[in-house]
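Note sheet for the following structure.
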Ligand SMILES: O=C(O)C1=C[C@@H](OP(=O)(O)O)[C@@H](O)[C@H](O)C1
Ligand SMILES: C=C(OP(=O)(O)O)C(=O)O
């Protein structure tokens, strides 16, 4: 293993002043790859993120019959016939687990899906039953979970389907991404508690429209994709704003100043919400000629925040709450129990183990100010748990982060980039 395990989290000895360039967005890269594989001609995904999740997506689409050249920074993608039996390793990538089965449904081959041990617990049953409702044969032996096999017939009738997407917005995105290629398109109705992470659905809809696909999202909880061509289009990937979270948090916990280069003027990435969240915790947030600059406060304030739309920011925000001088409540995030690990349980256990006064609530976490100490921070194969651990470790002596290499899910060079700042 390249990194010590556990990894002694570098401790900041003073305010950190830095400017960082971040790799591309996982969510944008994996959508761009799916749309390129479904398109009517070759295209290029520029500044693609190279990481475990995106490599798994490239490998999955190649196994189905597309060709993805991931050797450089720009990835040429050539669609191909989906005409062979294949196996797909989902790893721990929610985007592969949810986005690829609707694509595999267009194949004439049988496509067998599996993933990391924990992946068998991540929810996907709603996508499988929706696909059955749209005319696809799927063998899952009644599990509604991995492992399962999609047995396509080369075409999907499509049409209307009702799903409960309260566990993950990716259920909706998955059906929309492939829906234009179904004979009748797709008309997805959500019935259940509110759908989380809706900016990610907006990201899906915006990208589909750029590829010439007609999407009607005018009615709440309903998305209609008209049948038609997915036009080939070269796409440039923005930096990953969710992976900006630990870097900006470093300014917040050290009273320093961190600038993330090339912060987009406007974006569908939920990480953009960090501007508001960090400002509410007392940080100075400004756009500069270089990007987005965050200046840390003298005293970090707690926050009462509903993170339902931006659940993937929770681990780093929770680390900040643990270090803040006033109480915090994070709410609206029951669904993140189904992320890479049960993030509410994991954050409560691991931050609590370092002395934080934190309690799990039904839909979030509650913090009271406490003095933290060193110790071992477990990460449960979750890249964002590692981010939370190193943020605390920058402010507290002797924090050891278990399996920091798990950050390769979305940023393989993370431990080196982090160490370089401290
Ligand atoms: O569509 C996407 O790219 C994502 C959607 C969200 O999933 P959930 O809706 O399951 O939270 C997010 O948390 C995940 O990191 C990426
Ligand atoms: C929830 C996440 O990932 P996934 O795409 O695997 O769902 C995440 O990255 O925080």
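Counting begins at 1 with the first residue displayed.
The backbone N, Cα and C atoms fix where each Cβ goes, and this holds for glycine too.
Going through 160, 170, 301 against TrEMBL, the one listed in the phosphoenolpyruvate site together with 26, 94, 122, 343, 384, 409 turns out to be 170. Non-local contacts of residue 170 (phosphoenolpyruvate binding site) by the CB criterion (under 8 A, 6+ apart in sequence, same chain) comprise 94, 95, 97, 98, 99, 197, 200. This prediction places the mean pLDDT of the domain 'Enolpyruvate transferase' (12-417) at 98.
Separation of the C-alpha atoms of residue 343 (phosphoenolpyruvate binding site) and residue 312 (active site, proton acceptor): 10 Å, rounded to the nearest whole number.
Using residue 122 (phosphoenolpyruvate binding site) as the reference Cα, a 10 A cut-off selects 339 from the recorded positions 31, 169, 312, 339. Other Cβ atoms within 10 Å of the Cβ of residue 312 (active site, proton acceptor), summed over all protein chains shown, number 26.
Comparing the Cα of residue 384 (phosphoenolpyruvate binding site) with the Cα of every entry in 31, 169, 312, 339, these being the recorded positions, the smallest distance points to 312. Between residue 169 (3-phosphoshikimate binding site) and residue 312 (active site, proton acceptor), the C-alpha separation comes to 12 Å.
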